[in-house]
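Annotated features in Swiss-Prot:
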type     : residues     : note
TRANSMEM : 3-23         : transmembrane segment
TRANSMEM : 34-54        : transmembrane segment
TRANSMEM : 68-88        : transmembrane segment
BINDING  : Gly75, Thr78 : Na(+) binding site
TRANSMEM : 100-120      : transmembrane segment
Amino acid sequence: MNVLLIFLGCGAGGVARYGVSNLMYLLMGKQFPIGTLIVNITGSLLMGILFIFILERLSGNIQLWRSLLLIGFLGGYTTFSSFSIETFNLIEAGHYFVAALNVLLSVALCIAGAWLGVLIGRQL
């Protein structure tokens with residue numbers, strides 16, 4: 001059952017990532033990997049919220065919710081591999097400052113998003 005929930009969640013998360021990334025690139029252009037950055041920040045925020053909510057607020061079989069939402073949906077939604085290749089491509093193109101900015105913003109804002117999500121989750 002857990003494998004099926006992970007499969008379904010991951011598929012939905014991947015479709016959501018595709019939609020959000022493409023919307024960001026459409027609105028803001030592709031000079032900076034904003035689509036991946038926004039996806040990873042919002043995914044980190046949701047991870048914090050849902051992690052606390054599932055652990056502290058839900059009763060019953062929390063493993064099912066964890067499999068569907070945390071491992072499945074957010075695993076399919078967030079993307080370290082896209083972040084990595086986009087940063088590599090920036091470096092290879094000689095855009096060292098933009099690559100460094102991408103790394104700094106991604107790490108700092110994703111950690112901040114997870115922290116904020118935990119705070120929000122505790123208030124629910």
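Using the three backbone atoms N, Cα and C, a Cβ is placed for every residue, glycine included.
Taking a C-beta cut-off of under 8 Å and a sequence gap of six or more, Gly75 (Na(+) binding site) has these contacts in its own chain: Ile6, Gly9, Cys10, Gly13. Of the candidate ranges 3-23, 34-54, 68-88, 34-54 contributes the most Cβ pairs within a distance under 8 Å of the transmembrane segment (100-120). Gly75 (Na(+) binding site) falls within a helix when secondary structure is assigned with DSSP.
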